[in-house]
Amino acid sequence: MDDQKTGFYIASGRIIDPFSRRDEIADLYVFEGRVVNPAELPPDVRWTRIEARGLVVAPGLIDMHVHLREPGETRKETIRTGTMAAAAGGITTVVAMPNTLPPADNPDTITWIGKKAEKEALVRVYPTGCITEGRRGEKLSPFQSLVQAGAIALSDDGNCVQNSRIMYLAMEYASVLDVPILDHCEDTTLSDGGVMNEGYWSTLLGLPGWPSIAEELMVSRDILLCEKTQARIHLQHLTTEGSVRLLREAKKRGLPISAEVCPHHLALTDSSLRNYDTRFKVNPPLRGQRDREALIEAVVDGTIEVIASDHAPHTQFEKEVEFDKAPFGVVGLETLLSVCLQELYFSKKMDLLDLFSRLTLGPSRVLGLPQPSLSYGSVADLILLDLEEEWKVDSSQFLSKGKNTPFEGLTFKGKVVLTMVDGQIAWQREERNLVVK
Ligand SMILES: [Zn+2]
């Protein structure tokens, strides 16, 4: 047996580290799960060289809005396939939403997800627990036992707690436990039956509308409840200009509030629905051009500090029905970074340090996780990215079971070529031959 210790020597990459604001060409050494100082390399280590010349080396992404579908809906996705897709997309940490079957409204389900992930996941998985039992919005889940079992946050995502008293109590308890609430904002008395943004296109297409005000009313309510309870509130998948304005004002007043935006809302508008293509059916829906611009502006100036995929896989069978009947949701793990690069970096709106900040530091701060970094001593969750590589989205090549992407057939620039989790290669494009033995 050869028991010589091994480490990785990542040679001549462009280091992009938002935490230390570092953007420079340098070597990086990884040993026993951590980034190590080249001046203090441990002796007797065999270094495996990874050729990174011409590539970006950055911290792995944290995607804090992912539907892994397990337990219960493994025909759509599993912890295994979902985390394979994450690794291929450069995501080293995912936060799993609790709308599984059964829902994660009890400590046993949270524990089960944790154990299953330990065995099968390629990246880090943090489960969340439901705000209310069965996500029905009527009775609070046992927050303390959910958190003790490993829930990193609470959410009824997919549903929004309609009863203001229940939401108020939820925030009071969450603030005592100091755990964030991930808030899907939708007043269903206004959105019920809606399948797309209410506006010009819904009128033209004759489809029932899900109006902006249904989101904005709940954003307003929860800002007020946040002010009252001082709970940590994170607004999920914001879509409207009005929501951005409300958030901006709330932040000015110093509330403990944060927000995320999804790549599809940054890249697409409701005009994409003109052919009744169910791949563009998502909740909350694609909005208008002004909304899209307001979201981009908010993510650029940091009002929105997180970009998350809201990866929501469905089977082809379910999506290939009439528009009204198709389920909401798009897959996003394998396109997250490329879409962000297109909309924010190649469009010259953000530099790489700021863009990676929204995908690493932003979510880590909201969740209270250790800050991702490439500085010495940091956990070696990192990616190698080829900014120049052009690739065409072909969902048949996705590692996710879900093929319901709104970006099918589009060409993007920038592709992840290697992903490392905890100092080990979790995924790589073998044909690139980056690892020199
Ligand atoms: Zn949602």
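Cβ coordinates come from backbone N, Cα and C, glycine included.
Taken from TrEMBL, the feature active site applies to D310. Sequence annotations record features per position, and here TrEMBL assigns Zn(2+) 1 binding site to H65, H67, D157, D310. The substrate binding site annotation in TrEMBL covers H67, L68, R69, N99, N283, H314, F328, G329. Taken from TrEMBL, the feature Zn(2+) 2 binding site applies to D157, H184, H237. For 56-240, the entry in TrEMBL reads domain 'Dihydroorotase catalytic'.
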Considering only the recorded positions H65, D157, H184, H237, D310, which fall within 10 Å of G329 (substrate binding site) when distances are taken between Cα atoms?
D310
Determine, using Cα-Cα distances only, which of these recorded positions is closest to H65 (Zn(2+) 1 binding site): N283, D310, H314.
D310
When DSSP is mapped onto helix/strand/coil, what comes out for H65 (Zn(2+) 1 binding site)?
strand
For D157, D310, listed as recorded positions, tell me which one has the smallest number of other Cβ atoms within 10 Å.
D157
When you measure from each Cβ to the nearest atom of ligand 1, which of the binding-site residues H184, H314, F328, G329 fall under 6 angstroms?
H184
Provide, as an integer number of angstrom, the distance between the C-alpha atoms of N99 (substrate binding site) and D157 (Zn(2+) 1 binding site).
7
Between the two most separated Cα atoms in H67, L68, R69, N99, N283, H314, F328, G329, the residues recorded as binding substrate, what distance in Å do you get?
17
Mean of pLDDT values spanning the domain 'Dihydroorotase catalytic' (56-240)
98
Between H314 (substrate binding site) and H184 (Zn(2+) 2 binding site), how many Å separate their Cα atoms?
20
Cβ density check for H314 (substrate binding site), other Cβ within 10 Å (all protein chains) comes to 27
Do you know offhand how many angstrom separate H237 (Zn(2+) 2 binding site) and the residue listed as 'active site' by C-alpha?
8
In sequence order, what residues of the same chain, 6+ apart, have a Cβ less than 8 Å from the Cβ of H67 (Zn(2+) 1 binding site)?
E77, A96, M97, N99, D310, H311, A312, P313, G329
